[in-house]
């Protein structure tokens with residue numbers, strides 16, 4: 001907002017002009033925290049602001065004439081800036097005039113020469129009027145002349161508003177009667193009370209040379225641009241004198257110039273009357289001049305004629321705009337809303353009209369813009385949202401250009417840094433990390449490494465990692481599910497995943513968990529990534545022989561096909577298994593004597609088993625299936641093979657290095673089916689194969705299988721009969 005105060009000049013020191021905080025509606029308690037600043041625009045008066053009370057107080061002498069000269073309006077402007085939040089108040093202080101200056105003539109005495117007889121009544125002689133430093137009514141002067149029967153005073157007002165003063169002869173002069181006339185000219189201003197100034201006019205009556213030079217017009221008008229160079233011809237005046245010889249020769253002089261400060265700015269040729277420029281014009285300082293010209297002849301005494309040249313100065317665009325930064329609020333948080341005021345700027349141009357009309361813009365145009373608040377005051381505001389991770393600092397150039405032809409331009413650089421806020425969560429380069437880890441690696445071994453980025457700055461971009469529990473294993477390990485933290489841990493600073501304990505493929509095959517990345521911002525932001533840790537199997541388990549299903553020896557089952565007769569018995573050893581079986585002489589080749597079963601806790605190639613006959617080497621009566629483990633006759637058994645055969649069978653896996661287990665099989669050779677049946681009766685193995693008559697093998701079927709076949713046949717018969725009955729009914 002804007003408030004207006006007025007102060008009479010020469011007011012006493014300590015005079016209170018107004019209560020700012022009350023007039024502006026501002027609380028005065030928190031002004032120190034809000035960093036009050038007073039910025040004067042242009043001239044500065046003897047006035048100050050009391051920060052505590054907000055009183056606008058006269059602090060020193062206030063002289064309107066010293067501050068503003070003859071300007072009609074004398075206004076001083078200042079800005080009050082408050083921060084947190086930023087507010088700007090415009091204060092206009094008008095200094096009013098009082099009648100403190102009396103009229104003043106250029107000299108205390110003036111001599112005027114007049115010829116007798118030739119000076120006719122009505123002749124006018126220009127006088128230098130008095131000047132009054134005040135303005136308005138206080139500077140409106142009126143003139144009075146001491147009583148005289150020969151003279152009176154006349155005032156003439158030009159079109160520019162300036163007044164010219166003349167001494168007018170009302171009655172012919174007679175030197176013999178009164179050679180000298182002493183007059184007192186008094187100038188009074190319009191103040192209350194009125195002040196006066198005087199000058200003594202000494203009129204000397206001369207004889208002879210009765211024709212004075214005469215100008216062809218009393219007022220001449222001229223126009224000149226302010227950028228005119230020195231020596232430029234302004235105007236040429238001309239005066240004539242009808243006298244002859246020396247009395248008719250005219251000499252030109254500049255009598256006086258208004259304003260008086262321009263006395264050295266113009267010159268006139270004394271012979272031809274050419275008026276030329278001697279210095280530099282400045283429209284912004286003075287835009288109108290009055291030159292009073294005197295033309296004198298060479299008579300004794302000389303006679304003179306008078307005229308006035310009114311010179312109007314035209315403005316040119318010779319002043320570039322000026323830009324000042326009055327307030328700057330940086331750094332700007334990247335989450336600052338659109339419309340936030342970043343800086344306040346003042347712009348001015350000393351030229352007038354279109355030459356002084358200024359427009360402002362900003363480059364780069366994004367994300368800032370210029371907004372006009374008051375005449376000559378602009379705000380640099382935020383037009384778009386900021387992103388510190390994209391641009392962390394802006395070099396803003398504010399341009400001001402006037403409307404002249406050609407236009408002039410000025411610029412001011414503003415550096416706007418952007419401060420960081422926690423607006424970016426940590427993010428991993430992969431959403432899912434798939435990691436392979438060999439089993440049996442020791443505790444503390446690095447199994448994986450994750451990395452999350454956070455583009456924020458400082459604590460907002462500092463990331464710490466933690467383990468978020470997930471599922472472990474493809475199947476539940478012994479004792480139920482276990483948390484992922486019992487297998488792995490994550491380093492909070494580096495993101496290294498290391499094993500808490502040695503991983504056993506036979507216990508767990510997959511450990512799946514989440515790693516959380518949390519920054520140190522307020523509030524903290526979180527990013528997640530899933531880690532799938534696949535345990536790679538190592539060949540760390542040897543094959544194991546399975547116990548028999550019939551309660552006999554370890555690792556043996558009854559033959560899968562009929563043989564002459566078998567009997568199995570197993571005795572466990574430290575490194576191998578000792579197994580017993582029997583077979584009858586004369587059995588055909590390919591008859592299964594026994595089947596060895598083994599398993600390997602590993603997987604894949606590490607658990608793929610193969611069987612080999614280690615002893616006896618070469619071609620024996622028995623052989624073993626490479627992958628089935630079935631021990632069968634390689635040929636028909638003969639009595640020459642002896643009463644029993646001892647076989648050493650090794651079971652190997654396909655791992656690297658390979659692991660193995662061995663089994664010893666003792667096969668007894670017997671005669672006939674009765675001996676086989678007797679041996680079977682004494683064996684603890686159920687479901688044995690018995691030898692048949694004539695050396696052929698017969699199968700002893702279990703009662704369970706018989707009843708199973710009978711049940712299947714019965715159900716099938718009932719199903720067929722039902723179909724027949726259904727079809728008959730439909731037919």
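Quick reminder: no glycine exception, Cβ is built from N, Cα and C everywhere.
What TrEMBL says about a protein is an automatic prediction, not a curated fact.
Owing to the predicted nature of the structure, the values given are computational and were not obtained by experimental measurement.
Here TrEMBL flags 6-105 (among others) as domain 'Cadherin'. In the predicted model, residues of the domain 'Cadherin' (6-105) average a pLDDT of 75.
Annotation source TrEMBL lists domain 'Cadherin' at 130-215 (among others).
According to TrEMBL, the feature domain 'Cadherin' maps to 216-323 (among others).
When the domain 'Cadherin' (324-428) is classified with DSSP, helix, strand and coil residues number 4 helix, 57 strand, 44 coil. The domain 'Cadherin' feature in TrEMBL is assigned to 324-428 (among others).
According to TrEMBL, the feature domain 'Cadherin' maps to 429-545 (among others). Within the domain 'Cadherin' (429-545), the DSSP-based counts of helix, strand and coil residues read 7 helix, 50 strand, 60 coil.
What TrEMBL lists as domain 'Cadherin' is 588-685 (among others). Using DSSP to sort the residues of the domain 'Cadherin' (588-685) gives these counts of helix, strand and coil: 18 helix, 42 strand, 38 coil.
Among the features that TrEMBL reports, transmembrane segment is placed at 706-729.
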Distant-in-sequence neighbours of the transmembrane segment (706-729), which means Cβ under 8 A and at least six residues beyond its ends: none
Residue distribution over DSSP helix, strand and coil in the domain 'Cadherin' (216-323): 7 helix, 50 strand, 51 coil
What does the DSSP secondary structure composition of the domain 'Cadherin' (6-105) look like, as residue counts for helix, strand and coil? 10 helix, 38 strand, 52 coil
Between the stretches 130-215, 216-323, 429-545, which one has more Cβ pairs under 8 Å with the domain 'Cadherin' (588-685) than any other? 429-545
What counts of helix, strand and coil residues does DSSP assign across the domain 'Cadherin' (130-215)? 4 helix, 41 strand, 41 coil
